[in-house]
């Protein structure tokens with residue numbers, strides 16, 4: 001699907017019956033979560049809540065509608081990435097693999113393809129525009145008040161309203177390009193949020209470099225809310241370091257990404273999507289009393305994609321100096337909870353992008369699956385064509401180290417090519433018949449683990465397990481290995497022809 005911005009995407013979804021409007025007042029405090037959870041589990045449409053309830057106005061409703069469940073099905077994720085189906089996402093993975101590690105052409109034809117790909121990337125370089133739509137309205141001074149936006153409180157035990165789909169734009173002092181990341185943000189005052197980014201994420205790395213290079217100076221940040229789907233999805237896709245997320249978004253969308261410079265002078269190096277619905281401009285301010293030298297606050301607890309409330313922790317405070325927006329802006333939001341939720345659906349879709357990337361590095365991999373029940377990234381199932389003893393273990397460690405997205409994968413199960421990794425029954429059969437626990441499990445201690453994983457003994461540091469559920473080769477066992485049972489193909493073909501009439505004859509005749 002080709003589209004210009006979020007509004008165009010919404011319009012096309014509505015024409016396809018993939019989006020419904022709700023005019024009845026619905027509260028962003030818990031009610032939207034429950035409605036969207038039911039819609040997502042039923043494979044239902046995206047929803048535009050036109051009159052969010054609860055604002056301190058005579059009507060008791062916000063003037064800003066809420067867009068939710070936008071990526072509630074893999075089909076809509078595919079449409080957002082410029083594809084028509086989930087299967088088409090493999091092609092996007094192939095493009096990324098070619099950009100990540102291009103191979104020398106073996107002839108003029110391949111050279112032509114490589115040139116065409118390079119030209120298409122070059123042609124999608126983002127462009128700066130003047131008078132962007134995202135700056136049609138500007139809030140400054142006391143007008144900057146997050147309470148004027150219908151920010152969701154998703155679960156009963158949540159600490160405060162939470163910004164969920166904010167596209168955070170940062171730039172390190174030594175970086176050539178900006179980083180785009182999606183980090184949740186707890187509202188703590190009219191113009192302050194807690195920026196919850198994990199230590200290895202791009203935004204946190206940019207902030208750390210800034211603090212070292214410019215101690216005591218505010219760190220500039222812009223947050224785009226309601227960016228177009230390609231830009232949002234580009235921020236969570238394993239884009240090569242040599243390619244900007246904005247450029248990749250242009251490839252997905254089929255048109256160059258229009259960017260706007262921020263109005264705050266100290267944010268001059270940051271660019272935001274010109275079509276974004278709402279933009280927050282501000283800084284992480286210095287605090288000489290904090291060990292880091294910058295303002296921090298205690299974040300959480302919040303219900304998360306694990307299905308649990310996470311523990312509290314300290315993160316930087318983002319102070320908002322200015323809010324810009326389009327006329328009649330739309331607030332894009334989501335919730336996270338026990339799978340399935342939108343991150344789980346995104347995980348299933350992005351899984352198809354990962355497969356060609358992995359196969360480029362490890363041609364022996366024939367399929368790869370991140371089951372959504374495993375919180376989309378904590379368990380990986382790998383199907384491969386095994387070629388030698390120890391091969392499965394090599395692949396395990398390769399997957400853990402190849403992409404940053406698999407840094408937090410706790411469990412990897414490797415099976416042979418005769419096992420469907422997308423069928424739990426087959427995976428369990430392989431584990432229970434081909435695994436000796438002492439020989440075929442690998443435990444790795446003191447590895448990076450998701451901070452939200454309370455099962456790890458130390459926050460952010462824990463162990464990983466690999467399970468080799470492949471047939472064992474000489475050197476891996478001294479016993480005769482079992483042969484799988486299968487019917488004679490000729491008999492199967494004969495019975496296929498018999499089944500249609502075999503049970504038509506009445507009993508006893």
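Glycine is treated like the rest: Cβ placed from N, Cα and C.
In three-state terms derived from DSSP, residue 245 (Mn(2+) binding site) belongs to a helical segment. Spatially close to residue 245 (Mn(2+) binding site) yet at least six residues away along the chain are 180, 231, 234, 235, 237, 239, judged by Cβ distances under 8 angstroms. For 179, 245, the entry in Swiss-Prot reads Mn(2+) binding site.
The annotation prenylated FMN binding site is assigned in Swiss-Prot to 182, 183, 184, 196, 197, 198, 201, 202 on the grounds of sequence analysis. DSSP assigns residue 202 (prenylated FMN binding site) to a helix.
Cβ neighbour count for residue 304 (active site, proton donor): 22 (other Cβ atoms within 10 Å of its Cβ, all protein chains included). Annotation note: residue 304 (active site, proton donor) sits in a coil segment as assigned by DSSP. Per Swiss-Prot, the feature active site, proton donor maps to 304; the stated evidence is sequence analysis.
A distance of 10 Å separates the Cα atom of residue 201 (prenylated FMN binding site) from that of residue 179 (Mn(2+) binding site). Neighbour density for residue 182 (prenylated FMN binding site): within 10 A of its CB lie 19 other CB atoms from the protein chains shown. The two recorded residues residue 196 (prenylated FMN binding site) and residue 304 (active site, proton donor) have their Cα atoms spaced 13 Å from each other.
Listed in chain order, the residues near the prenylated FMN site other than 182, 183, 184, 196, 197, 198, 201, 202 are 168, 181, 195, 203, 204, each with its Cβ within 8 Å of the site Cβ centroid. Take the CB of residue 202 (prenylated FMN binding site) and look out to 10 A: across all protein chains shown you find 21 other CB atoms.
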